[in-house]
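Inspection log for the structure reproduced underneath, given as structure tokens.
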Amino acid sequence: MRGFALLLALVYSATAQHQALIDYLERRLLAIEDRISLWQEQTTRYASELRELKQQMVSQLESLDKEKETLRTTLDGVGTRVDRVERELDYLETQNGAQPCVDVDDKLIEQQVTLVKEKQKAKYFKLTDCSDMISSIKAMKILKRVGGPKGMWTKDTGGASGKVYIFNGTAEETINEFATVQDFTRSAGFSLSTDLKIPSSWKGTGHVVYNNHVYYCKIMFLCTA
Ligand SMILES: *[C@@H]1O[C@H](CO)[C@@H](O)[C@H](O)[C@H]1NC(C)=O
């Protein structure tokens, strides 16, 4: 009987220990589950925050793109307007001629008396022929942008043909000829010009067009001091 009671007690205590262990394990499991669900929540939150951030960045990039585009179109517009103004100024200048000559012209018209008329006229023609008289340079004006960074342009220095010649580059064989200064300023690139091929390529920039003849250097001169 005593033996049985002892056995019972032993069994009871073993069961109690077992139960305590199970309780403990269950508590731990619950705690772990809680933590896992917390992590899941956090992960979901991070993911959605990341998605939002991505969306924000995408929309900001889009608006930046749009702003860039408007800026570019504005700049294009400004460019064309500047070009147009330049062309119009060129046109006005070619219409009005050089200022000092006009002043002389006005004065001379006032003084046109019959006897001195011929004399005055001669003087007038002398003064209006400004080709070899530079009194001052007021400002730089861009007549035209065309061709590469090197080369030269000139009119026919010998006559009143009004043609404009472009030597694009420093070693080429083809000269571009424009019929008038207006053509030159109006032309998109070299589109309004005629190609003139010369027998051998020029070197450098020291050329002259005189009475429909081109005088140019075939070899580069080496200058030493
Ligand atoms: C003018 O010369 C430049 C280089 O010197 C060249 O790149 C350009 O193509 C030339 N233009 C024409 C229309 O020949």
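Quick reminder: no glycine exception, Cβ is built from N, Cα and C everywhere.
Curation plays no part in TrEMBL annotations; they are all automatic predictions.
These numbers come from a predicted model, not from an experiment.
These come from TrEMBL:
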type	residues	note
SIGNAL	1-16	signal peptide
COILED	22-74	coiled coil
DOMAIN	129-225	domain 'Olfactomedin-like'
- request: State the non-local partners of the signal peptide (1-16) in its own chain: residues 6+ outside its ends, Cβ under 8 Å from one of its Cβ atoms.
  value: none
Helix, strand and coil totals (DSSP H, G, I; E, B; other) for the domain 'Olfactomedin-like' (129-225): 9 helix, 25 strand, 63 coil
